[in-house]
Amino acid sequence: MKLVDHFRIPSVSSRSYKVWQRNKDVFMKDIKLNFLPPFLEPILYLIALGFGLGKFVESIDGVPYAKFIAPALIAVSVMYASFFECSYSSYVRMYYQKTFDAIIATPLTIEDVIAGELMWGATRSMINATVMIPVIALFGLIDMKYSLLIIPFAFLGGLLFAAIGMCFTAVTPNIMSINYPVLLFITPMFLFSGTFFPLSALPVPIQYFAIAFLPLTHIVNVIRLLSFGVLSTSILFDVAWVLVVTAILLVLSINLMKKRLVV
Amino acid sequence: MFGFLGPNGAGKTTTMRMIQCVSPVSGGSLDVLGMDVASRQREIKSQMGVVPQENNLDGDFTVYENLLVYSRYFDIPKDEAERRVEELLDFVHLQEKKDVMTESLSGGMKRRLVLARALINRPRLLILDEPTVGLDPQARHLIWEKLRSLKKQGVTIVLTSHYLDEVEKLCDRLVVMDNGKILVEGSPAGVIEEFIGSNIIEAENNPQLLECLRERDANYEIIGDMVHIYPDNAMELSEYLLMECSLTKISARPATLEDVFLKLTGRSLRE
């Protein structure tokens with residue numbers, strides 16, 4: 001496959017909805033268990049880091065520490081939900097369960113299947129954000145003014161990390177090797193994207209690196225501004241960055257998966 | 001019913017995957033149900049059922065849900081799908097297992113469920129890639145019975161199998177292929193008659209026998225410590241061998257597809 005072929009727009013039909021629906025049905029079977037992490041995790045983090053560690057931390061730009069990290073917790077959850085859904089879980093469906101093979105024997109194409117998987121990954125991110133917003137609001141750490149905008153933005157951010165996860169799924173030689181991107185990409189992002197301390201605490205070149213190459217930086221920025229009830233023009237830059245990179249990676253991930261599966 | 005035979009690596013599954021519009025056709029053209037696989041794969045796939053070599057049931061769902069979820073991929077309306085699922089569960093005798101997760105089914109039950117799933121869209125063409133591999137005789141016979149009744153209903157069935165008795169029993173026509181090429185084509189009986197004749201005599205290999213056979217100018221093949229003789233007239237030749245060559249251990253039997261298969265594709269092991 002030539003390089004340009006990796007970026008050719010794939011033809012995806014509305015039938016990809018059936019794949020989304022399949023994953024949703026599986027999710028609904030364990031709905032209680034699936035809703036627990038986004039409900040419990042922010043509580044645990046806010047108590048331990050926000051109120052525990054936060055006691056020893058000065059306010060950041062006039063914002064108490066718990067309020068500073070609360071939106072980052074949503075952003076991290078957006079990243080984890082869709083990345084893991086479209087890496088480990090998609091890999092299991094593709095390789096071990098042969099679910100994709102079964103589906104492409106029907107009128108659906110492989111492009112439809114991957115598109116459905118990506119949409120579902122993004123939906124998981126959105127579900128997590130939707131559950132977390134009221135929990136964080138209970139702690140009084142979110143300004144409700146623009147907070148509901150976080151929900152659609154979580155879907156967009158979810159698509160971004162779904163596409164990233166799917167690209168790795170397409171090239172990984174086995175399921176264990178997905179640990180590499182987790183360790184070398186996802187975990188550093190969790191720590192160095194302005195999540196638990198502001199980017200400005202880092203050396204300037206690293207700040208630029210984070211803005212250019214760490215997608216979570218932009219997700220954190222947007223969700224933080226929305227949850228503070230602030231709409232500044234800098235949001236436009238972050239949203240534009242996310243839109244462009246997401247579009248490119250969605251196309252790339254579908255083409256890479258096609259390359260892997262069509263033999 | 002049409003059979004594809006050939007050793008491992010002959011290209012059977014690749015051919016099946018091309019018919020299923022999954023693998024690209026690297027050369028020539030392929031029409032399925034009168035439609036080109038390159039341009040009309042959605043239409044083709046909507047009229048086709050597939051039983052793949054490897055069971056790929058959806059492990060996240062029960063037996064019933066497997067069929068119902070699969071029906072959605074074909075855009076079958078829900079109430080119609082529910083009716084068909086009930087029918088198919090009866091057809092493959094899995095009604096009692098409908099709420100069981102697929103992983104706890106036996107091998108034979110899984111295979112029957114895969115068959116039922118392949119029928120959910122009432123296909124005109126059914127593709128079976130080694131449908132009875134690893135099944136016990138009861139399960140194999142049940143699958144055969146179901147395939148025969150589908151054939152009676154007018155479904156075109158394309159089958160690959162290593163069980164040559166299965167192909168001989170079920171198929172109307174077949175091809176034997178190796179290294180991606182078709183070696184023969186015909187009906188099971190026709191192919192056997194053409195390449196082997198109707199009977200085979202098996203005897204223990206000894207120099208005296210070979211001497212006799214050369215004298216009669218018979219067509220034979222040495223396989224380890226056995227000799228396969230392909231006679232024009234089995235009765236006459238076996239009588240001759242018994243009387244004139246004073247052989248004791250010989251047996252004549254009808255020739256099978258297995259004999260054709262081994263003759264055409266050789267006896268060396270395939271990976």
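Glycine is treated like the rest: Cβ placed from N, Cα and C.
If you check TrEMBL, you get these features:
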{"type": "DOMAIN", "residues": "A:33-260", "note": "domain 'ABC transmembrane type-2'"}
{"type": "TRANSMEM", "residues": "A:33-53", "note": "transmembrane segment"}
{"type": "TRANSMEM", "residues": "A:65-84", "note": "transmembrane segment"}
{"type": "TRANSMEM", "residues": "A:125-142", "note": "transmembrane segment"}
{"type": "TRANSMEM", "residues": "A:148-171", "note": "transmembrane segment"}
{"type": "TRANSMEM", "residues": "A:178-199", "note": "transmembrane segment"}
{"type": "TRANSMEM", "residues": "A:205-223", "note": "transmembrane segment"}
{"type": "TRANSMEM", "residues": "A:235-257", "note": "transmembrane segment"}
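A Cβ distance under 8 Å defines the sequence-distant neighbours of the transmembrane segment (A:65-84), meaning residues of its chain 6+ beyond its ends; these are 38, 41-42, 45-46, 49-51, 53-54, 57, 59, 121-122, 124-125, 127-129, 132-133, 136, 139, 141-142, 150, 154, 157-162, 164-165, 186, 189-190, 193-196, 198, 215-216, 219-220, 223-224, 226-228.
Within the same chain, residues 35, 37-39, 41-43, 46, 50, 66-67, 70-71, 73-74, 77-79, 81-82, 148, 150-152, 154-155, 157-158, 161-162, 223, 227 sit at least 6 positions outside the transmembrane segment (A:125-142) and bring their C-beta atoms closer than 8 Å to a C-beta of that stretch. Count of Cβ pairs under 8 Å against the transmembrane segment (A:178-199): among A:33-53, A:148-171, A:205-223, A:235-257, the largest is for A:205-223. Fewer than three CB pairs closer than 8 A are found between the transmembrane segment (A:148-171) and the transmembrane segment (A:33-53), and contact between the two stretches is not assigned (pairs 6 or more residues apart).
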